[in-house]
């Protein structure tokens, strides 16, 4: 058991993309980055008009006497009808951008700190819950996880996180590098462990819901838990476009974002635009014990937002709640992979509840002809247990994730 690490402090990743689980959560989550902005343009703006707007912004920035050494436009994002860009601008340039007819919103970029039948005996309680008729006796009892042998085969789970240690034997060669929003300055490797933990809940042989799914590593968090909204948007835009540009992928893919940060119009709009393209996005509600409406992407209208329950199917007191929470899943004391190959950690948070649902989506996509995100949401609600979550919180949907396969 020397390779098993238990983390009992709640991960801050779902209430700020990543906070180290080994220390008290620091308060830099949501801190505004000076002179950095995210600008969303009008829905449906044509590519040629978007490029024209960007050229205009570049010229305005060059003319500004106060621009000093600001970089101007740094990244652009496009997801269906959603278009935005991020950059470093002086106040005079921002004033001009806000006046432009194409501009819908301007928001400061922020710091983001880090959701045939086979029986698996003595499965982790979170997996057992997905095929159980009743709450478990406790979080340590050995209970079976019953699942169809397809086990998510042929599906793709895009994990936007701190990276994934693809060398884990538990992932069976089914984890691949996708995109690193921090290249070239930071490696693709998981420097923390959170991304590998999330990936393991989705697809690891022992700890995973969809044990044959392919995990696509989309690194948006660097080091021990630092990111920005712009970097998350960059990785998300890549993932959605990779899915929609790959024939047949939309009906076989899901995006997992076990992250939460202060509400962002740009992030929420991107998630909603992806849904309209058919792409399902599963996100964490956050770990503040408050209403999730103040968080993104949890408050995105078309996200699948996940709250956390304990083994007795009662909402964890730190799990966010409210009208934006669509479904609950196991999130307390969840074992899964960690940073080094062969290393395992036990972690709590809506970050862990989220991949239970993302893994379930992949599992169901392998079983049913779920053509788009709307069909995914319908199937999740069809199979879920209703009215069984204790203390679900004001406004929350009292819905518990379930696979539809019931152990006897």
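For all residues, glycine too, the Cβ spot is worked out from N, Cα and C.
The structure displayed is predicted, hence computed values, not measured ones.
These features come from TrEMBL:
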- 161: active site, charge relay system (ACT_SITE)
- 194: active site, charge relay system (ACT_SITE)
- 351: active site, charge relay system (ACT_SITE)
- 36-114: domain 'Inhibitor I9' (DOMAIN)
- 154-373: domain 'Peptidase S8/S53' (DOMAIN)
- 1-19: signal peptide (SIGNAL)
Inter-residue Cα distance where the pair is residue 351 (active site, charge relay system) and residue 194 (active site, charge relay system), in Å: 9
PLDDT averaged over the residues of the domain 'Peptidase S8/S53' (154-373): 96
Cβ neighbour count (within 10 Å, all chains shown) around residue 351 (active site, charge relay system): 37
Residues of the domain 'Inhibitor I9' (36-114) by DSSP state, where helix covers H, G and I: 26 helix, 32 strand, 21 coil
